[in-house]
Structure formats: structure tokens, C-alpha cells
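Here the structure comes first, spelled out in C-alpha cells, and everything after it is commentary.
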Amino acid sequence: MGEWRSSFDPGERICLLKACRAYKLEVAQSNELSKYMCLENGLACTDKGKLSNCDNKEWNSEDDLYAGERMVTIQKGPLYRAKGYHITIWCNVSGYQGPPQQNFQWSVYKPSAPDRELQIISTLDHANFPYAVYAARVKSKEIYIERIQGDSVLLHLTDLKDEDTGEYECFTPNTDEIYHGTYSGKMNLSVIPDTLSATAKMQAFHRDQGDSLELICEVLTATEQHTHVSVAWYHLQDKGPGQAQKILSLSRDFVLHPGSSYAQRFSSGDVRLDKIGEKEYQLSIVSLQPADQGEMYCEAVEWIQDPDKTWKDIAWKRSNRTSLTIRSLGRLPNPAARRVAGGGSTSRFFYFSAFAAVAHAGQPLKALVDWYNHGSKVATLDPYGALSFQIDYEEQFKKGNLLVKKQSNDKYILRIRQMELKDHGTYSCVVSEMEKAPTGSFTISKEVSSSAIDINVKPRESSLQLFLSINKEEITEGEALFLHCNNGHVAENSLSVKWWLIQKIGDPPVLIASMDPDGQLKIGASYVERNAHGELRAEKMEPSTFTLTIYHTSSTKDTGLYRCEVTEWSKGRSWKHAQEISAKVVSLRLNLTAVLNSRTPNVKLLEDFELFCKLSANSVINKTLVSISWQFKPNSGLGGYQQIVKVTARGTIEWGKAHPHFQKKTKITKSSSSSHLLIRGATWRDSGIYRCEIEVWRSSGPGRDLATLEAAAVVSSNPVEIKVTKPESKLVVHMDAKSLEISNKEDVAIDCNISRLTKGNSQLSVAWYFQPLFPVDSAPVMILKTNYSNILEYGEGFTSPHHKSRFHSKKVSSHIYQLLILSPGYDVQGKYYCGVDEWMLSMDGSWYKLGKTESAKTMIYIKPSENKLRIERTNHSIIATENEDVTLKCILQSLAAQSTSRFSISWFKVSEHTETLVKMKDNGVIEYGGNKKLIRRLRLHHPSVGNFHLAMQNVEMADAGLFYCHVEEWQAANCSGAQVHYASSQSGFSSLVVFPSAPTNSIQICSSRSLYHFILFYPPVLILILVAIFLGLHFKAKLMSKRKMNLEKKAAPGEELRALAPPDFKSSSHSSARVVEEETRSLRSVEMD
């Protein structure tokens, strides 16, 4: 019991503490209180009952519920599990503060001492927390906790015992700044005896190939709870891989599922599984195959439906194994006819099958097989496989009820399905061995007859007896109505049922639902809508039992006389039986309507919106409690309404799992007749249709016991569509274009000025782009980008250390961003601009783009050098063959007067774009470009002063293109020794053309009749053609070699320089860009000519 107080300040928030757990209650007028106490369920009660009703545990204030409070949710109970099996119980916590990994403590309260807490296991103190009775089981891992994620765990009990029955509590220690919400959840677990058994006689069968086999498995269960049983038969081969294969199974819903190896035989009717009694399941295999040899057993599984409507297997058993040996058909003196189905006296509409085994030796014989009934021929199978029938059996064959086939060289089958009275008689077969005469026709060499089989067909009569029962003849509105219609044991899939309701005497019966023999359910027109809401359920529980369940019953719709009409079907005949029973539904006198509205159906992105749900009732019984569920259907149209949040009649909050993002930003309040939903920071995911669903609950037990609450009525509100639209972007960036002319190696800064934003607290992502001057139509490329989290990212072509050291981004202020270019060279000439994206962070942690715009372009030029540095600008053409070596020359025609001058030389290749090959700095350090495949074959030479050569070894076809060099002159400044840029110039272009190496020609002479005659009669002509081709190729190669020698200049041997290969280097000048383009076009036109 908590601490007693008698006075409070108006509006004071009361915090009631008990056993380190806290509960909060908003006090509207605390001066009305004289004292309060702390209750087990966390509700505060006054002795006057003004603030809250202690008996009903209802809240009168709309502020009593808070979104974001800590909420512990545990698996819904009660759960029933069988002794000796494994169980898991889940528990999770939401709405908490503090670290993402929460701790969990599990305890149990035994029925013998419901107030005594027994600690089981904890994630916080694994060793010291368990009580002694559980310590050994925890240590041996018989009991353990599996963490699914930081705020969700599973409790495992691997070997249930009788003493494990009790009320389990999942408690989460507080990590919040204040106590707010619920910190524990409870559920009940009942350990029930394992009564399931699966029994089959331990037998050993020896059967001939083609024989039939019937095995019976007896399945028993005595569980007091309502459970279902599934039965399956398995086959384990003698010499197989050791894993059993499923033959056929009957699911808990009475649906047959064959194994993959038996699917075809199941569809043809050769494999069946029938329930022949209350506890017997018979497996029938017609025409055994050698592959059936091995061991067979049955497995039974018991299922129970948990409170969350899911089915769980709680026990499973296997029977003894039956050994089966298959004997292949041997040599027989005469054909033998054997019956493989039916008996001496066969009921009408059953099927009959027989086969003939024919002896033979050596090659397969040609046989003519005739089947007879009472001496009259039924069918004939000739040696060619052609079938012929008597007129009386032709119609049966067309309907698929008569089958005659040759299954193997020594096995012939006659099968009659759905036998009729006229099919009775004495069946036999005659096998005639045929020999082929010289004329090609067959003659009978030997004829033998089989023994006869007597088949008696009796007319079938219905033995159906019908019993109809109801759970209660008088129920309260909202309770479920259960109708059971039970009949005698009839073969499965031979029954259909119709459920009717006669509301008043003299009224025509109204069809509720019907189920045909195949299990197909059809809902009556008057019950389609109720079925869609889950208020109707018609099932075939067993082959002899049909049930009808009506949930949320109505006094005006469900009171009356119910009729169960069962029809037994068989070919050509049917038997109809009916039973009636009356039911009365007592009205709760409720007339409920729910109205949903919103002030802002059109919501801007990241704005808040509210929904109001109000319950109207003409009369409300005092003992009625209300729960309100808020539901949502996305605009995508996938699926129906799914729960956002629910305030139960017990006052707890249950969050839906389909849309977890609502939980972090939703506030819900509830009163006795209304509810208010506030959703903050609307996003695209919040667009859709909303509705509220109100459930009226009643207590099925005495008084106001919350544990016995049951739903009595449900009403859904009108749908309200919320549309989330993107706000109009107000992002504006300075758009004045400009040009900058700078000196070589002079640092430059380019501004990106954002003059207006859509939202004051939005974040910006700024990207800088570069468009080179050459080629003219080149696409812009991204230099670098700073995202909304201030993370810097370089573009694909600017990731090298060289580029990162030259290009920098700077945020001058909240609205001004700069691009800094350090020590720019001729390669930075071009257009620059910034692209700005505006982003907003939503409450669920997602980023949304509000707008995007780009600035005007800034043109940067490099001033040409005033100093003169002359380089030979003559264009050259170089022709080479694959795998040859090529030398490119760069010659200075005039040098500066100072002897202290140093030179840096850069070689470039122009193809689709300009590519830096190699650069030698003024200090002799060599830097290679990014073409790693080419730099391995490049060598720089400096044979003399002013001569710089580039050798390319083993040229390839891909090396073709235009090449030029760029030379910069550096001189020492005064006596400091520091080098400054003095002059620069560029060479002409060298056009490299690479021809493929001489191909290897091979001639293949195809051997054909016409070619043979051609070579035989015209060899001189062929020889002359070959000689002409040879001479043509010889003179062409000689002419090509001469042309190459005239165009190529000798290269003097030089000194080879080596160095490390740092990242790309590009250099070009504005003044030379147009010259490069014109000369490139002229050289390419020469190459094309």
C-alpha cells in the first residue's frame, strides 16, 4: 500500500510508488481529494471516487493517456502447452528513453501462492537473479533468454514441467528520467498433460508388385482444451539417403497433402488416406511399386489455437514402423487375375481393379488380352496397344470410369471406377500369345485363361443420423453463437451442408452459408458483409461434424430457428436430412454510431494533423466498457485497414505492428465516448484513409472483473482521407552569371549565395559542378558535395589526393557556401556552379527533400603568360603496327636567357576527352596519369637540352589518338631559391595511327561432292587464283612498309627516367583550347581521308 496524504496543490501531478514501480495521474482538482492509495494495476483511487472510479477502474480525464509512455507488451495469454515440450514467450518494451538495449527480468507467480514472486532469469544479473528452484535449470540452459533486438526478447523453457504453470511477469528496469508508463506485463501459462498417442501395429509385410496395402494408425488425445490433430504417413527406403519421405498427410483443417514422390499416384487414386473411425486413419496404396519397399510409419501432431488466433503445435508422436518387402513378378505357368480392391461383395459406386500377370522368358511376347464378365467380352487390348470395347462399356470408358492398360511387358490392368449394379459378375482374362506370320499378320500360337473373380455389387443406402446442438439457447447480444451439426460416419467428401435461419414463423428461410462436398464455402447474400468483417465462420471440423459460429450476435438479426440441412451425395443418388434448433439473442439495447472528422484533411509535409472520433449511443448500460482502435489504410491500396493504436477497455495501449512509425509521433487521448488522435510531422507514409473502430465490451463474469471482458458490439466510423502534399519550394539561389580571369597558380574562391529557404530550420545539401572548356559539348561533372549532415563527398573524377588538395568547400555562413581552388593551372579553366537541395528531418528520423535549384555559372580563365617560350608546333603523323615502339617528340626552339631556368613537361592524349599521360616537374619528379594500363609502357627521354621525348612501347590499337606536350618554364626568384612560374607553351599535335598486325590466313576445304569435282577438273584455275592472292598481299605489305618509313622520323636514344605514379594531372590553357580543337578536327579529317 502506498503512502497516505490528505492535501495537494491544485493541478499537482501525483506519482504513486510501490515496489520500485511508478504510475502517473493528472489531477484536475486535487483539492477535492482527501486521500488516495496505490493499487496493483497502477490506477489511483480517491475515497470519494470523484477523480476515478475504483470499482470500474475508469478515467474521467482525457489527459490520463500519453503517447510515448513506456509500454511493456507480453504475449497474450492464457497459453496451454503440453508437458515435456519447448515453449517461447515474447516480451518487448516501447516508448522508453535511455539506451537502445533494455534489460528484462522474468518472474512467475504460482497458483498456490499468487502473491509470491519467484524470480526466474534476468538479462541484467544472469548469475544472482534466479531463485534456487530455477538456478540449476538456468545454468544448464534449460531456461534461457534469447534477445531478438535491443527492446525485444524471447523466454525459452525447453522442457516444460507441471510446476511451470503460473502467471509470468516480464519487467523492464527504468532507464527514463522519470517514472512514466507501465514497466511490466503479465500472462498465464497452463502446463497440460501430454495425452497424444500414435499407435500402429509393428508388422512385416511381403507383397508382390501390383498388390495393395492398407495400414491403420490409431491416434488418441484426451486434452480437455479444444485441439485439432494432423496425421501424416512417411516412407523410409531400405537403401535410401536415410531421410523419410512424406507419403500423404491430413492437415488439422482436414486437407490432404501428398508428398512430392507420391503426388501423381495420389491424383490417380492409387494412394488414399481415410479416417475410418473416431481414432483410426487408414493409408491405402493400390498397385505397390518396388520403390515402396522399406519402412512406413505415421506421425500425429496436436494443435491448439492461441488467443492471438494463431495455431501452435503442442505435441507430436510417431508410431511403430511397419516393414514392407516388394517381390517383383516372376515366371508363372498361366496368367493370374487378382483383385486389388473391393471385396467378395462390393458396395455400389465403389471401384474395382484387377491385373493379369503373364509369364514370359527371353524377348517380350506379343500378347492379345481379352477381359470377360460372365463370358461376355468387356474389352480387348491387341498387340499394337489398340483398345476395343463392347457397346455396353464404351460409355463407361468415355466417362473415365473404365481403364484398360498395359503397365509392363508382363502386367495388364482392368480398372472399373464407381461400380454400378450392372457391373457385378465373374471377371477373368484370356491371354493369347501372338506370332508374326511371313505375310506380316499375327496368328495365335498359344492361348491361356486366368482364374475367375466373383464381384457382387449391392445397392447403397444412407445410414446418416443428424444431431444439432447449440452452446446456449439464450445468449447476450455480442456473444458468439456456436452451432454443431453432427452425423454418422460417411466417406469423406460425400456430404454437403446448408445453414438456414427462420427469424419468424411463416417467414421463408434465409441461407446463411453452404459448403459443398469439396469443402467450397459459399456465403448467403444476406451474410456477405458480416462474413467480410469476420463475424461468420462455417467449418467442417471432422468428416462427420459441421459447425457454424456467429460472432458479435445481434438481437434483431440472429434470433430465430436455425436449420442444419445435410445432403449425402453419391453418383446418381442423394439423401437429404435436416434438424432445427431455436436460439434467442438478448439485446443490449445499444444503438451505436461512430463519427470521425478532421479539421485539416489536406496536410502539408511535416505539419501536424488531428482526428476526432465520437461515439453516439441512445442508451449505455452501466457495466459496458468501450475500447477504441485507430486504423489506417495506405493510399497504395495494398491490403485493408491495419491498426495504428488501440486503447483497450482495461485502459492499456496496444500499438499495431504494421505501421510502427506512428508510435514515435502519435498522441492519443480517450474519454468514455470520444477519442482524439494527434499525429505530428506528417510524411508521405501518413497519406491514406483513417477510421476509428469502437468496441463495446461486457463482463461475462460476476461484478466488474476486467479479466472476464468479452466484446459485445463493434461499430466502425466513416472513413476520412488525409492527403499529405509537398509544400511549395521557396528556395532561391543568387543567379547572376560572371567571369573571372586569374593568373596561373592564383587561388580563387567562388560563392554560392542562398537568399531564401522554404523552412527556417531546414538543412542544405550543396554540390559544386565543373564544365570544362574542351570539348565544347562536355557534360558537367561533380567536384564535391556537402550533404545535409555536413559530410563531404568528392566526385568520381576528383577523389585523388592531388584534387582533394586543390578543391575545398567552405561554409562562410548559414546562407553562403564557397568553393576554394588552390594553385589553379590551365586545367581548371571552365564553368562552375552550385546545386542546392533543401532537406527537412521528420520525427521518425527520415529526411525529405523540399526543393532543389542551381546557381548561375561562373566562367574562369587563366591569363596567358607574357613571356615567350617557343615549342615546335608542327603537326606530325605517326603510323605504327601493333606491338611496335613509338617515340613522340617535344622540341624547344628557343630558351630563356637565364641559365637557372627549369622546365616541367606534361604529355597529353586527346581522344574523346583530354587525358594526362605523364608529367615531369621542374625538380625532376615524374607523375603519371590514371591510365594504369598505358603508363607501364611509357618512358620519358631527355636526349639533349630542349629535347623531350616520350616513348611508347608495344603500342596497341587503343593507343591511337592525338598527342601533345605542354612545357612550363620556372626560374628562381632573386636569391631565395624559390621557383616561380615564368612562361609556358604548347606543342603541335602528333597523330598516332595503329594498324593491326598481319593476320594469319587459313583455308579450309570442305569435303563435298561438288567441290570434289571442282578440284578434280579445274586445278589450274585454283592454283592461279591462289598465286594472285599471294602476290597481292606481298605487294600491299611492301607498299605499307615504305609509306611508314617515309612518314616516321628516327628517334635518338635517350635517358630513361622513372618515378612514382601519383594521381591525375590535367593542364590546358584558355588561349590554346580553340587551337587544340581546330587542329584536332583537321588531323582527324586527314586520318579519315
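Keep in mind that glycine also has a Cβ here, set from the backbone N, Cα and C atoms.
Per TrEMBL, the feature compositional bias 'Basic and acidic residues' maps to 1075-1089.
Broken down with DSSP, the domain 'Ig-like' (69-190) shows 11 helix, 54 strand, 57 coil. Annotated domain 'Ig-like' per TrEMBL: 69-190 (among others), in sequence order.
The helix, strand and coil residue counts that DSSP assigns across the domain 'Ig-like' (193-300) are 11 helix, 54 strand, 43 coil. The domain 'Ig-like' feature in TrEMBL is assigned to 193-300 (among others).
Taken from TrEMBL, the feature domain 'Ig-like' covers 333-449 (among others).
The domain 'Ig-like' annotation in TrEMBL covers 459-582 (among others).
The feature domain 'Ig-like' is assigned by TrEMBL to 607-710 (among others).
Helix, strand and coil content of the domain 'Ig-like' (727-836), in residues and according to DSSP, is 12 helix, 53 strand, 45 coil. Per TrEMBL, domain 'Ig-like' is recorded for 727-836 (among others).
Annotation source TrEMBL lists domain 'Ig-like' at 864-981 (among others).
The feature region 'Disordered' is assigned by TrEMBL to 1058-1089.
What TrEMBL records for 1011-1035 is transmembrane segment.
Residue counts for the domain 'Ig-like' (864-981) under DSSP (helix as H, G, I; strand as E, B; rest coil) come to 7 helix, 64 strand, 47 coil.
Per-residue pLDDT, averaged along the domain 'Ig-like' (193-300), amounts to 88 for this model.
Shown for the domain 'Ig-like' (459-582): DSSP residue counts in helix, strand and coil, namely 8 helix, 64 strand, 52 coil.
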